[in-house]
Amino acid sequence: MLAVCASLAVAVVILAVMVRATWADVVSSYTLTNLSFTVGFVVSGAVIAWFRPSNAVGWIFIACGVGHLLTPACGLGAIYGVEAGWPVWVTRSLGTCSTAGWIIGIGGLFPLALLLFPDGRLPSRRWAPLAWLIVGYTVFQVVSWVLADEAPSPARATTSILSIGLVQPEPLMVAAGIVGLGVLVAAVASLIVRYVRGDETIRRQLLWVILAVVIMLVINSQRWLTGDGPVLLLLTFGLVPVSIAIAIVRYGLLDIRLVLSRTLLYVLAVGALIAVYAGLVAALSAVVPSDADRTVSVVAAIVVALGFNPLRLALRRVIDRAFYGTRSDPAATAGRVGEGLGNAEDLGDVIERARIALRLPYLALTTTGGERRFESGELRDGEQAEIPLRYRGSEVGHLVAGLRRGERVMHDDDRVSLELIAAPLAVAVHASTLAEQVQASRTAVIEAREEERVRLQRELHDGLGPILTSAALQADATSNMLRSDPPAAELLLTDVRSDIRQALDDVRRVVYGLRPIELDELGLIGAIEQRTRQPIVAGDRTVRFSVEGGALPPLSPAVELAAFRIAMEGVSNVLRHSDATHCTISVGASGDILELSVTDDGSPTSGWTTGVGLRSMVDRAEELGGAATSGPTPEGWRVHATVPLTQPQSM
């Protein structure tokens, strides 16, 4: 296809020379512009078709280019054929192709390509009627032109072979013009819909097209305003298909936001200043004498010069907000994140809000250790920047921001905004971590409770159940033998008594596993004294114990049991891990805190190895809002635990 188009383009040049066409003829007949459109459409379409063969836009562009190539090729061929005496049907057929080519290209297929941009599919099924309307309108225009009396082509020497001298009624021509304008507006509206509803990728693709259209419209502004203008300026239309090809194949080639935003900034600024200058000159000329024209111009120029920078800054703020969000206003970004923290279900929603507010391609929050990660946007190959999240001096995570295409380092405004929102995000991460820890603790409590229930069920079913069943059966047998064989019945009663005592021992063992009986009978200090009143032999040494403590305020069962278990675990560690011969257990209350310590006279260097025992003491204290520590002292080794006397209702 490229070879065919290149051959036809060469043929156009040769034909222009053969018919002795001047430069003015080539320009005024739109031969040059049609050739430029051909190059733009065919090359862009070929690139799209090569890299994205399933995208219909590429093939439509190739067809557009062929249409625009047929117009000058067939038109110049018809002129040459008339001069050379070719048959009339040949020259008139060439005139027909010349007329229809450009209409099919820019008049029909180009709006259809806009409708299918950027993925080659309609925005939705609701746009299908518009696609068929474009096709129908194109067919109507082609038929109308080729049936007309004179073909609007470079081939003025002949008419279309299908010409019947058709003259359209004025109302029909007006209606056709309205439909044509409506089709183009609707195609542009589809791009706006895609931009509003699309993700970051689609928006970046559309910005390429917007940039090309803005440049083309500005350069050809005279033609749009007056209906006339330099024909050569239409060559800039070739930027549109080129921009579409870049948008589809390599939309990340440059930071298109920066290019487009600066283009719009200076176009709008210059346009506004020209309008202000013209308005001032017109207004002052109406009230100032005619001989003071130079003064009017000077005054207008001074006003424009003074207003340029304020206008530029104001426009830049508006355009930057449109392209880069609120990065130049960190307070607004922080406010949006604050709203998200109050309303969002998780931190992922907050990160999404922040990314959209700053128009970043990618933003992620990762907690320390990487346990959790909240992402928004698409991470592509490119530069990244990290912002640490700190809470009370400790790093709880970090933000990872993907930089925009073309950026090597993070913009200062972006960094300031991210650093400003880092503080509330760090608090949110810390709060979220605490909430997860609380949930994990609750889950552990529930699991421990269920395990305890299973253990009790097993103890009662496997231990106490058989004993009581045996005692019941023996009691029945004793009742049956009581009169017939009293001695045997007495023996059976002895067995029943033994079984019942064993059952009582099992009950005591189970109950003690739940809560030592000594606590209810003797209190905390008395229960500890009861357990440690006798020296205990541990290997080659004998360990003696002493208990210190005065009167204690009333203790809740949970606090009392936790303190007792911590004390007994401390005693157990002295016996197993220390070389001490004496151990002191101190219990006392200070304000609303119960303090307990287990101190031995062993060597500090023979400290206990951190294991299940020490971890158990810490867990028991922390479950009730307290703390437990262990470490060497000048006298030996010491375990110290504190537990609040007053527990929250949730406890």
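Backbone N, Cα and C define each Cβ position, glycine as well.
Model, not experiment: these values are computed from the prediction.
The following features are taken from TrEMBL:
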TRANSMEM  34-51  transmembrane segment
TRANSMEM  58-80  transmembrane segment
TRANSMEM  100-118  transmembrane segment
TRANSMEM  130-148  transmembrane segment
TRANSMEM  172-193  transmembrane segment
TRANSMEM  205-225  transmembrane segment
TRANSMEM  231-253  transmembrane segment
TRANSMEM  265-288  transmembrane segment
TRANSMEM  294-315  transmembrane segment
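Taking residue pairs at least 6 apart in sequence, the transmembrane segment (130-148) and the transmembrane segment (58-80) share fewer than three C-beta contacts under 8 angstroms. Of the two recorded stretches, the transmembrane segment (34-51) lies close to the transmembrane segment (231-253), with three or more CB pairs under 8 Å once pairs fewer than 6 apart in sequence are set aside. Long-range contacts of the transmembrane segment (172-193) within its own chain (CB-CB distance under 8 A, at least 6 residues past either end) are made by residues 107, 111-112, 114-115, 117, 123, 127, 130, 133-134, 137, 140-141, 144, 206, 209. Nonlocal intrachain contacts for the transmembrane segment (130-148), taken as residues 6+ away from its ends with a CB within less than 8 angstroms of a stretch CB, comprise 96, 99-100, 103-104, 107-109, 111-112, 115, 122, 160, 162-168, 176, 179-180, 183, 186-187, 190. With a threshold of 8 Å between CB atoms, the same-chain residues lying at least 6 positions outside the transmembrane segment (231-253) that come near it are 27-28, 30, 32-33, 36-37, 39-41, 43-45, 47-48, 51-52, 55, 57-58, 61, 64, 113, 117-118, 201, 204-209, 211-213, 215-216, 219-220, 222-223, 380, 405.
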